[in-house]
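Working notes for the structure below.
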Amino acid sequence: MSGPVVEGVDLSALNYTTLVPYNETIPTGGNSLTQDLNVHYDAGDIAWMLTSTALVLLMIPGVGFFYSGLARRKSALSLIWLSMMATAVTSFQWFFWGYSLTFSHSAGKFIGDLENIGFRNTLAAPSVGSHRIPDLMFAVYQGMFAAITVALAVGAVAERGRMLPCVIFMLIWATLIYDPIACWTWNPHGWVASMGGLDFAGGTPVHISSGSAALAYSLMLGKRRGHGTHELNFRPHNVTQVIIGTVFLWVGWFGFNAGSALSASMRAVMAAVVTNLAASVGGVTWCLLDYRLERKWSAVGFCSGVVAGLVAITPGSGYVPAWSAVIYGVLAGSACNYGTKIKFLLGIDDALDIFAVHAIGGLVGNLCTGFFAADYIAHLDGFTVIPGGWLNHHWIQLAYQLADSVSGFAYSFGGSCIILFLMNLIPGLRLRASEEAEVLGMDDAEIGEFAYDYVELTRDVLNGDALIDESDSKYSGDQDSPMGHSHEKNFSTSSDEIPMKVRQRP
(Lines of atoms letter the chains of each structure in order from A and count residues from 1; the text may use other names and numbers.)
(Lines give C-alpha, C1' and ligand atoms only; values in the text may rest on other atoms or scores of the structure.)
Protein backbone atom coordinates (compact mmCIF):
# COMPACT_ATOMS: atom_id res chain seq x y z
CA MET A 1 0.00 0.00 0.00
CA SER A 2 1.46 3.35 -1.01
CA GLY A 3 1.81 6.29 1.34
CA PRO A 4 0.70 9.91 0.87
CA VAL A 5 1.36 11.38 -2.57
CA VAL A 6 2.44 14.98 -3.19
CA GLU A 7 2.74 16.18 -6.80
CA GLY A 8 2.95 12.58 -7.99
CA VAL A 9 5.69 11.56 -5.50
CA ASP A 10 5.04 8.73 -3.03
CA LEU A 11 6.45 10.16 0.22
CA SER A 12 6.72 6.72 1.82
CA ALA A 13 9.28 5.76 -0.83
CA LEU A 14 11.64 8.57 0.09
CA ASN A 15 14.67 8.03 2.32
CA TYR A 16 13.95 10.22 5.33
CA THR A 17 13.63 9.71 9.06
CA THR A 18 10.15 9.76 10.53
CA LEU A 19 10.05 11.62 13.84
CA VAL A 20 8.95 9.47 16.73
CA PRO A 21 7.24 11.15 19.70
CA TYR A 22 9.39 10.97 22.80
CA ASN A 23 8.01 8.41 25.22
CA GLU A 24 10.98 7.38 27.34
CA THR A 25 11.15 7.76 31.09
CA ILE A 26 14.84 7.35 31.87
CA PRO A 27 16.83 10.59 32.43
CA THR A 28 19.20 10.05 29.50
CA GLY A 29 16.35 9.72 27.02
CA GLY A 30 17.05 6.11 26.15
CA ASN A 31 19.75 3.50 25.66
CA SER A 32 21.91 4.46 22.69
CA LEU A 33 23.13 0.87 22.32
CA THR A 34 19.65 -0.44 21.58
CA GLN A 35 17.81 2.64 20.36
CA ASP A 36 18.31 5.36 17.81
CA LEU A 37 18.02 8.46 19.97
CA ASN A 38 17.96 10.74 16.93
CA VAL A 39 14.45 9.76 15.88
CA HIS A 40 12.88 12.14 18.40
CA TYR A 41 14.41 15.26 16.88
CA ASP A 42 14.47 17.04 13.53
CA ALA A 43 17.99 17.07 12.07
CA GLY A 44 17.40 20.61 10.81
CA ASP A 45 16.73 21.84 14.35
CA ILE A 46 19.90 20.18 15.63
CA ALA A 47 21.97 21.58 12.76
CA TRP A 48 20.66 25.10 13.33
CA MET A 49 21.34 24.91 17.06
CA LEU A 50 24.91 23.67 16.53
CA THR A 51 25.45 26.58 14.13
CA SER A 52 23.94 29.02 16.63
CA THR A 53 26.23 27.69 19.36
CA ALA A 54 29.25 28.42 17.19
CA LEU A 55 27.91 31.90 16.38
CA VAL A 56 27.51 32.77 20.06
CA LEU A 57 31.04 31.54 20.71
CA LEU A 58 32.23 33.88 17.93
CA MET A 59 30.75 36.79 19.85
CA ILE A 60 33.17 36.33 22.76
CA PRO A 61 36.36 37.33 20.90
CA GLY A 62 34.15 40.06 19.41
CA VAL A 63 33.64 41.38 22.93
CA GLY A 64 37.39 41.16 23.49
CA PHE A 65 38.25 43.11 20.35
CA PHE A 66 35.55 45.70 21.05
CA TYR A 67 36.79 46.29 24.60
CA SER A 68 40.44 46.17 23.58
CA GLY A 69 39.99 48.81 20.90
CA LEU A 70 38.27 51.14 23.36
CA ALA A 71 41.07 50.84 25.93
CA ARG A 72 44.58 52.29 25.82
CA ARG A 73 47.19 50.27 23.95
CA LYS A 74 49.19 49.32 27.04
CA SER A 75 46.21 47.26 28.30
CA ALA A 76 44.81 46.16 24.94
CA LEU A 77 45.87 42.52 25.13
CA SER A 78 44.65 42.03 28.69
CA LEU A 79 41.03 42.62 27.70
CA ILE A 80 41.18 40.09 24.88
CA TRP A 81 42.87 37.67 27.29
CA LEU A 82 40.09 38.14 29.85
CA SER A 83 37.37 37.50 27.26
CA MET A 84 38.97 34.25 26.15
CA MET A 85 39.68 33.19 29.73
CA ALA A 86 36.02 33.83 30.56
CA THR A 87 35.11 31.26 27.90
CA ALA A 88 37.38 28.62 29.41
CA VAL A 89 36.53 29.22 33.06
CA THR A 90 32.78 29.51 32.50
CA SER A 91 32.68 26.49 30.19
CA PHE A 92 34.15 24.34 32.95
CA GLN A 93 31.88 25.88 35.58
CA TRP A 94 28.88 25.25 33.32
CA PHE A 95 29.86 21.62 32.78
CA PHE A 96 30.61 21.02 36.44
CA TRP A 97 27.48 22.45 38.05
CA GLY A 98 26.35 25.63 36.29
CA TYR A 99 24.00 23.89 33.88
CA SER A 100 22.50 21.81 36.66
CA LEU A 101 21.98 24.83 38.91
CA THR A 102 20.23 26.63 36.06
CA PHE A 103 18.33 24.10 33.97
CA SER A 104 17.87 20.92 35.98
CA HIS A 105 14.41 19.44 35.41
CA SER A 106 13.69 19.52 39.14
CA ALA A 107 14.77 23.13 39.78
CA GLY A 108 13.05 25.41 42.29
CA LYS A 109 11.84 28.97 41.82
CA PHE A 110 15.27 30.53 42.34
CA ILE A 111 17.93 27.90 41.70
CA GLY A 112 18.29 24.36 40.40
CA ASP A 113 19.76 21.32 42.10
CA LEU A 114 22.78 19.15 41.35
CA GLU A 115 20.87 16.44 39.52
CA ASN A 116 22.92 17.09 36.35
CA ILE A 117 26.29 17.83 37.95
CA GLY A 118 29.10 17.08 35.50
CA PHE A 119 26.44 16.72 32.76
CA ARG A 120 25.21 13.63 34.58
CA ASN A 121 22.15 12.19 32.78
CA THR A 122 22.36 15.03 30.26
CA LEU A 123 21.89 13.41 26.87
CA ALA A 124 18.81 12.84 24.70
CA ALA A 125 15.77 13.63 26.81
CA PRO A 126 13.86 16.74 25.69
CA SER A 127 15.32 19.87 27.28
CA VAL A 128 13.54 22.19 29.66
CA GLY A 129 13.95 24.92 27.07
CA SER A 130 12.10 23.17 24.26
CA HIS A 131 10.92 19.68 23.37
CA ARG A 132 12.42 20.28 19.90
CA ILE A 133 16.03 19.78 21.09
CA PRO A 134 17.64 17.35 23.57
CA ASP A 135 19.23 18.20 26.91
CA LEU A 136 22.81 17.99 25.68
CA MET A 137 22.20 20.33 22.74
CA PHE A 138 20.50 22.84 25.02
CA ALA A 139 23.33 22.54 27.55
CA VAL A 140 26.14 23.40 25.15
CA TYR A 141 24.13 26.22 23.58
CA GLN A 142 23.27 27.83 26.90
CA GLY A 143 26.87 27.36 28.04
CA MET A 144 27.89 29.94 25.44
CA PHE A 145 25.38 32.38 26.93
CA ALA A 146 26.94 31.96 30.36
CA ALA A 147 30.42 32.50 28.92
CA ILE A 148 29.62 35.68 27.04
CA THR A 149 27.78 37.14 30.04
CA VAL A 150 30.88 36.71 32.17
CA ALA A 151 33.06 38.16 29.39
CA LEU A 152 30.82 41.24 29.19
CA ALA A 153 30.99 41.83 32.94
CA VAL A 154 34.74 41.53 33.45
CA GLY A 155 35.53 44.26 30.94
CA ALA A 156 35.11 46.52 33.96
CA VAL A 157 38.64 45.66 35.14
CA ALA A 158 40.03 47.64 32.19
CA GLU A 159 43.45 49.21 32.77
CA ARG A 160 43.67 48.81 36.55
CA GLY A 161 42.40 45.39 37.65
CA ARG A 162 44.54 42.34 38.41
CA MET A 163 44.00 39.19 36.37
CA LEU A 164 43.99 36.48 39.07
CA PRO A 165 41.25 37.98 41.24
CA CYS A 166 39.21 38.59 38.10
CA VAL A 167 39.45 34.93 37.09
CA ILE A 168 38.36 33.86 40.58
CA PHE A 169 35.50 36.34 40.34
CA MET A 170 34.40 34.76 37.05
CA LEU A 171 33.91 31.39 38.72
CA ILE A 172 32.14 32.74 41.80
CA TRP A 173 29.95 35.22 39.90
CA ALA A 174 28.80 32.66 37.35
CA THR A 175 27.73 30.34 40.19
CA LEU A 176 26.15 32.78 42.64
CA ILE A 177 24.78 35.46 40.31
CA TYR A 178 24.32 34.30 36.72
CA ASP A 179 22.97 30.81 37.40
CA PRO A 180 20.16 31.91 39.75
CA ILE A 181 19.05 34.78 37.48
CA ALA A 182 19.07 32.53 34.41
CA CYS A 183 17.18 29.86 36.36
CA TRP A 184 14.38 32.11 37.53
CA THR A 185 14.08 33.67 34.06
CA TRP A 186 14.36 30.70 31.68
CA ASN A 187 13.72 27.54 33.64
CA PRO A 188 9.96 26.82 33.48
CA HIS A 189 10.00 26.41 37.28
CA GLY A 190 11.62 29.85 37.85
CA TRP A 191 9.56 32.59 39.48
CA VAL A 192 9.85 35.04 36.57
CA ALA A 193 8.89 32.37 34.03
CA SER A 194 5.99 31.25 36.24
CA MET A 195 4.86 34.86 36.71
CA GLY A 196 4.76 35.39 32.95
CA GLY A 197 7.88 37.48 32.34
CA LEU A 198 9.05 37.48 28.72
CA ASP A 199 12.77 37.34 28.03
CA PHE A 200 13.57 35.58 24.79
CA ALA A 201 17.36 35.68 24.75
CA GLY A 202 18.74 37.41 27.82
CA GLY A 203 17.67 40.96 28.58
CA THR A 204 18.01 40.34 32.31
CA PRO A 205 20.23 37.22 32.69
CA VAL A 206 22.81 38.43 30.16
CA HIS A 207 22.69 42.20 29.79
CA ILE A 208 21.25 43.68 32.96
CA SER A 209 23.22 41.24 35.10
CA SER A 210 26.53 41.86 33.31
CA GLY A 211 26.01 45.64 33.13
CA SER A 212 25.21 45.92 36.82
CA ALA A 213 28.12 43.61 37.73
CA ALA A 214 30.44 45.82 35.67
CA LEU A 215 29.18 48.87 37.55
CA ALA A 216 29.85 47.11 40.85
CA TYR A 217 33.36 46.06 39.75
CA SER A 218 34.15 49.61 38.62
CA LEU A 219 32.92 50.96 41.95
CA MET A 220 34.96 48.50 44.01
CA LEU A 221 38.11 49.01 41.91
CA GLY A 222 38.02 52.78 42.07
CA LYS A 223 38.96 55.25 39.37
CA ARG A 224 41.89 54.83 37.03
CA ARG A 225 45.05 56.76 37.72
CA GLY A 226 44.66 60.27 36.33
CA HIS A 227 40.89 59.97 35.97
CA GLY A 228 39.32 63.38 35.55
CA THR A 229 42.61 65.04 34.60
CA HIS A 230 44.54 65.66 31.40
CA GLU A 231 46.72 62.64 32.23
CA LEU A 232 44.08 60.14 31.16
CA ASN A 233 43.40 59.96 27.45
CA PHE A 234 39.88 58.65 26.93
CA ARG A 235 40.26 58.21 23.19
CA PRO A 236 40.06 54.60 21.96
CA HIS A 237 43.51 53.48 20.87
CA ASN A 238 42.33 51.37 17.89
CA VAL A 239 39.00 52.17 16.26
CA THR A 240 39.54 49.51 13.60
CA GLN A 241 39.60 46.93 16.37
CA VAL A 242 36.33 48.31 17.74
CA ILE A 243 34.76 47.88 14.30
CA ILE A 244 36.09 44.33 13.97
CA GLY A 245 34.64 43.48 17.37
CA THR A 246 31.30 44.97 16.34
CA VAL A 247 31.23 42.86 13.18
CA PHE A 248 31.88 39.69 15.20
CA LEU A 249 29.10 40.65 17.60
CA TRP A 250 26.63 41.60 14.86
CA VAL A 251 27.15 38.32 13.01
CA GLY A 252 27.18 36.22 16.16
CA TRP A 253 24.01 37.85 17.47
CA PHE A 254 22.02 35.97 14.85
CA GLY A 255 22.90 32.80 16.72
CA PHE A 256 22.23 34.55 20.00
CA ASN A 257 18.69 35.71 19.17
CA ALA A 258 17.51 33.55 16.27
CA GLY A 259 19.07 30.52 17.93
CA SER A 260 16.96 31.16 21.03
CA ALA A 261 13.94 29.94 19.07
CA LEU A 262 15.54 26.52 19.78
CA SER A 263 14.38 25.29 16.39
CA ALA A 264 14.74 26.05 12.70
CA SER A 265 11.37 27.77 12.47
CA MET A 266 9.66 30.94 11.27
CA ARG A 267 10.10 32.29 14.79
CA ALA A 268 13.87 32.06 14.32
CA VAL A 269 13.54 33.88 11.01
CA MET A 270 11.59 36.71 12.61
CA ALA A 271 14.14 36.95 15.41
CA ALA A 272 16.90 37.32 12.81
CA VAL A 273 14.96 40.07 11.01
CA VAL A 274 14.34 42.21 14.09
CA THR A 275 17.90 41.67 15.33
CA ASN A 276 19.46 43.10 12.20
CA LEU A 277 16.96 45.96 11.97
CA ALA A 278 17.34 47.09 15.58
CA ALA A 279 21.14 47.00 15.28
CA SER A 280 21.05 49.12 12.13
CA VAL A 281 18.69 51.73 13.54
CA GLY A 282 20.56 51.84 16.85
CA GLY A 283 23.85 52.52 15.08
CA VAL A 284 22.41 55.34 12.98
CA THR A 285 20.67 56.89 16.00
CA TRP A 286 23.81 57.00 18.18
CA CYS A 287 25.90 58.33 15.30
CA LEU A 288 23.42 61.15 14.69
CA LEU A 289 23.32 62.07 18.37
CA ASP A 290 27.11 62.30 18.46
CA TYR A 291 27.16 64.35 15.27
CA ARG A 292 24.72 66.79 16.85
CA LEU A 293 27.33 67.64 19.47
CA GLU A 294 30.68 67.20 17.72
CA ARG A 295 29.90 67.58 14.01
CA LYS A 296 31.84 64.35 13.43
CA TRP A 297 30.55 61.04 12.08
CA SER A 298 31.93 58.89 14.88
CA ALA A 299 32.74 55.29 13.96
CA VAL A 300 32.92 54.38 17.65
CA GLY A 301 29.54 56.03 18.15
CA PHE A 302 28.04 54.01 15.32
CA CYS A 303 29.46 50.76 16.72
CA SER A 304 28.21 51.59 20.21
CA GLY A 305 24.75 52.22 18.80
CA VAL A 306 24.78 48.92 16.93
CA VAL A 307 25.58 47.06 20.15
CA ALA A 308 22.93 49.05 22.04
CA GLY A 309 20.32 48.07 19.44
CA LEU A 310 21.37 44.43 19.63
CA VAL A 311 21.18 44.47 23.41
CA ALA A 312 17.71 46.03 23.47
CA ILE A 313 16.14 43.70 20.92
CA THR A 314 17.50 40.60 22.69
CA PRO A 315 14.63 40.03 25.17
CA GLY A 316 11.94 40.74 22.58
CA SER A 317 13.42 39.19 19.45
CA GLY A 318 11.14 36.14 19.48
CA TYR A 319 8.06 38.03 20.59
CA VAL A 320 7.76 41.26 18.60
CA PRO A 321 6.85 42.14 14.98
CA ALA A 322 9.41 43.48 12.54
CA TRP A 323 8.24 47.12 12.55
CA SER A 324 8.78 47.41 16.31
CA ALA A 325 12.53 46.82 15.85
CA VAL A 326 12.81 50.37 14.51
CA ILE A 327 11.44 51.70 17.80
CA TYR A 328 13.78 49.43 19.76
CA GLY A 329 16.75 50.79 17.82
CA VAL A 330 15.83 54.46 18.25
CA LEU A 331 15.09 54.14 21.97
CA ALA A 332 18.17 52.02 22.69
CA GLY A 333 20.52 54.26 20.71
CA SER A 334 19.18 57.32 22.51
CA ALA A 335 18.90 55.91 26.03
CA CYS A 336 22.31 54.27 25.99
CA ASN A 337 23.95 57.34 24.49
CA TYR A 338 22.64 59.55 27.26
CA GLY A 339 23.26 56.74 29.73
CA THR A 340 27.00 57.20 29.30
CA LYS A 341 26.62 60.38 31.39
CA ILE A 342 25.36 58.48 34.43
CA LYS A 343 28.86 57.35 35.43
CA PHE A 344 29.83 61.00 35.87
CA LEU A 345 26.80 61.64 38.07
CA LEU A 346 27.63 58.58 40.17
CA GLY A 347 31.37 59.31 40.21
CA ILE A 348 32.16 55.77 39.02
CA ASP A 349 34.83 55.11 36.39
CA ASP A 350 33.06 52.62 34.11
CA ALA A 351 35.88 52.72 31.58
CA LEU A 352 34.08 50.96 28.72
CA ASP A 353 30.51 52.14 29.40
CA ILE A 354 29.35 48.59 30.01
CA PHE A 355 26.58 49.71 32.36
CA ALA A 356 25.26 52.30 29.91
CA VAL A 357 25.13 49.96 26.93
CA HIS A 358 24.17 46.66 28.53
CA ALA A 359 22.23 47.40 31.72
CA ILE A 360 20.32 50.38 30.30
CA GLY A 361 19.96 48.69 26.91
CA GLY A 362 18.62 45.56 28.61
CA LEU A 363 16.13 47.63 30.61
CA VAL A 364 14.91 49.40 27.46
CA GLY A 365 14.52 46.05 25.73
CA ASN A 366 12.61 44.47 28.59
CA LEU A 367 10.16 47.35 28.83
CA CYS A 368 9.67 47.55 25.06
CA THR A 369 8.89 43.84 25.07
CA GLY A 370 6.09 44.54 27.54
CA PHE A 371 4.62 46.90 24.95
CA PHE A 372 5.25 45.10 21.66
CA ALA A 373 5.09 41.37 22.45
CA ALA A 374 2.50 39.75 20.19
CA ASP A 375 0.93 36.31 20.58
CA TYR A 376 1.02 35.59 16.84
CA ILE A 377 4.79 36.20 16.68
CA ALA A 378 5.55 33.84 19.56
CA HIS A 379 3.39 31.16 17.94
CA LEU A 380 5.46 31.23 14.74
CA ASP A 381 7.32 28.19 16.10
CA GLY A 382 4.05 26.28 16.09
CA PHE A 383 3.63 25.68 19.81
CA THR A 384 4.48 28.70 22.01
CA VAL A 385 1.45 30.45 23.49
CA ILE A 386 1.71 33.78 25.34
CA PRO A 387 -0.87 36.40 26.33
CA GLY A 388 1.30 39.05 24.67
CA GLY A 389 1.99 42.61 25.75
CA TRP A 390 0.15 45.88 25.21
CA LEU A 391 -0.36 45.02 21.54
CA ASN A 392 -2.65 42.26 22.80
CA HIS A 393 -4.15 44.53 25.50
CA HIS A 394 -2.35 42.52 28.16
CA TRP A 395 -1.56 45.55 30.30
CA ILE A 396 0.00 43.75 33.28
CA GLN A 397 2.88 42.50 31.11
CA LEU A 398 4.77 45.79 31.52
CA ALA A 399 4.73 45.34 35.30
CA TYR A 400 6.10 41.81 34.90
CA GLN A 401 8.93 43.13 32.75
CA LEU A 402 9.75 45.89 35.23
CA ALA A 403 9.79 43.48 38.16
CA ASP A 404 12.12 41.16 36.26
CA SER A 405 14.48 44.02 35.37
CA VAL A 406 14.65 45.58 38.83
CA SER A 407 15.15 42.27 40.62
CA GLY A 408 17.89 41.22 38.21
CA PHE A 409 19.73 44.53 38.61
CA ALA A 410 19.46 44.57 42.41
CA TYR A 411 20.58 40.97 42.80
CA SER A 412 23.52 41.26 40.40
CA PHE A 413 24.76 44.65 41.61
CA GLY A 414 24.35 43.90 45.31
CA GLY A 415 25.71 40.38 45.04
CA SER A 416 28.68 41.48 42.95
CA CYS A 417 29.59 44.19 45.48
CA ILE A 418 29.53 41.65 48.31
CA ILE A 419 31.64 39.13 46.38
CA LEU A 420 34.23 41.74 45.43
CA PHE A 421 34.36 43.25 48.93
CA LEU A 422 35.03 39.85 50.50
CA MET A 423 37.57 38.89 47.85
CA ASN A 424 39.49 42.11 48.42
CA LEU A 425 39.96 41.13 52.07
CA ILE A 426 41.70 37.86 51.18
CA PRO A 427 45.51 38.03 50.93
CA GLY A 428 46.62 37.58 47.35
CA LEU A 429 43.23 38.50 45.90
CA ARG A 430 43.54 42.27 46.05
CA LEU A 431 41.44 43.51 43.14
CA ARG A 432 43.45 46.48 42.01
CA ALA A 433 46.92 46.50 40.51
CA SER A 434 49.62 48.67 42.03
CA GLU A 435 50.13 52.20 40.72
CA GLU A 436 53.42 51.14 39.15
CA ALA A 437 51.70 48.28 37.34
CA GLU A 438 48.93 50.59 36.19
CA VAL A 439 51.43 53.04 34.75
CA LEU A 440 53.32 50.22 33.09
CA GLY A 441 50.11 48.76 31.70
CA MET A 442 48.25 45.55 32.40
CA ASP A 443 49.74 43.84 29.35
CA ASP A 444 53.29 44.15 30.63
CA ALA A 445 52.59 43.94 34.36
CA GLU A 446 50.16 41.01 34.32
CA ILE A 447 50.71 39.14 31.04
CA GLY A 448 54.22 40.00 29.87
CA GLU A 449 53.11 40.15 26.26
CA PHE A 450 51.80 42.93 24.05
CA ALA A 451 49.14 43.50 21.45
CA TYR A 452 51.60 45.36 19.21
CA ASP A 453 55.25 44.87 18.28
CA TYR A 454 56.02 48.57 18.47
CA VAL A 455 55.40 48.55 22.22
CA GLU A 456 58.61 46.56 22.55
CA LEU A 457 60.34 48.98 20.18
CA THR A 458 59.26 51.87 22.37
CA ARG A 459 60.67 50.16 25.45
CA ASP A 460 63.98 49.68 23.68
CA VAL A 461 64.04 53.35 22.71
CA LEU A 462 63.36 54.47 26.25
CA ASN A 463 66.01 52.20 27.77
CA GLY A 464 68.85 52.83 25.39
CA ASP A 465 70.67 56.03 24.55
CA ALA A 466 71.71 54.76 21.15
CA LEU A 467 68.41 55.74 19.54
CA ILE A 468 67.99 59.00 21.39
CA ASP A 469 70.41 61.72 20.42
CA GLU A 470 71.51 64.52 22.65
CA SER A 471 68.93 66.92 21.23
CA ASP A 472 66.25 64.70 22.75
CA SER A 473 67.93 64.45 26.15
CA LYS A 474 64.94 66.02 27.86
CA TYR A 475 63.12 62.75 27.22
CA SER A 476 65.96 60.49 28.38
CA GLY A 477 65.30 60.67 32.07
CA ASP A 478 67.12 63.81 33.23
CA GLN A 479 65.82 66.02 36.01
CA ASP A 480 63.68 68.09 33.64
CA SER A 481 61.96 65.12 32.04
CA PRO A 482 58.18 65.14 32.37
CA MET A 483 58.35 61.35 32.72
CA GLY A 484 60.58 61.13 35.75
CA HIS A 485 64.14 61.33 36.98
CA SER A 486 65.76 58.14 35.73
CA HIS A 487 65.75 55.51 33.02
CA GLU A 488 64.09 53.18 35.51
CA LYS A 489 61.18 55.56 35.71
CA ASN A 490 61.02 55.65 31.93
CA PHE A 491 60.98 51.89 31.83
CA SER A 492 57.82 51.84 33.89
CA THR A 493 56.10 54.46 31.79
CA SER A 494 53.48 53.15 29.36
CA SER A 495 53.61 53.77 25.64
CA ASP A 496 50.45 55.85 26.05
CA GLU A 497 52.36 58.30 28.24
CA ILE A 498 55.50 58.54 26.09
CA PRO A 499 55.97 61.91 24.33
CA MET A 500 55.21 61.62 20.64
CA LYS A 501 58.71 62.84 19.68
CA VAL A 502 60.23 59.71 21.20
CA ARG A 503 57.48 57.40 20.09
CA GLN A 504 57.95 58.26 16.45
CA ARG A 505 61.69 57.63 16.32
CA PRO A 506 62.69 54.62 14.18
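Placement of Cβ uses the backbone N, Cα and C atoms for every residue, glycine included.
Record features, source TrEMBL:
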- 47-452: domain 'Ammonium transporter AmtB-like' (DOMAIN)
- 470-506: region 'Disordered' (REGION)
- 46-67: transmembrane segment (TRANSMEM)
- 79-97: transmembrane segment (TRANSMEM)
- 136-157: transmembrane segment (TRANSMEM)
- 164-181: transmembrane segment (TRANSMEM)
- 201-221: transmembrane segment (TRANSMEM)
- 242-262: transmembrane segment (TRANSMEM)
- 268-289: transmembrane segment (TRANSMEM)
- 296-314: transmembrane segment (TRANSMEM)
- 320-339: transmembrane segment (TRANSMEM)
- 351-374: transmembrane segment (TRANSMEM)
- 408-426: transmembrane segment (TRANSMEM)
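Long-range neighbours of the transmembrane segment (320-339) within the same chain, counting only residues 6 or more positions beyond its ends whose Cβ lies under 8 Å from a Cβ of the stretch, are 270, 273-275, 277-286, 289-290, 301, 304-305, 308-309, 311-313, 353, 355-357, 360-361, 364-365, 368-369, 371-374, 377, 391. Contact between the transmembrane segment (201-221) and the transmembrane segment (136-157) is supported by 3 or more Cβ pairs under 8 Å, counting only residues 6 or more apart in sequence. Mean predicted confidence for the domain 'Ammonium transporter AmtB-like' (47-452): the pLDDT average there is 95. Same-chain residues lying 6+ beyond the ends of the transmembrane segment (351-374) with a Cβ under 8 Å from its Cβ atoms: 67, 70-71, 152-153, 155-156, 158-159, 198-200, 202-204, 206-208, 210-212, 214-215, 218, 224, 304, 307-308, 311-316, 319-321, 324, 327-328, 331-332, 335-336, 339-340, 342-343, 386, 388-392, 394, 397-402, 404-405, 409. Three or more CB pairs closer than 8 A are found between the transmembrane segment (296-314) and the transmembrane segment (242-262), so contact between the two stretches is assigned (pairs 6 or more residues apart). Taking every recorded stretch in 46-67, 136-157, 164-181, 242-262, 408-426 and counting its Cβ pairs under 8 Å to the transmembrane segment (79-97), the highest total belongs to 136-157.
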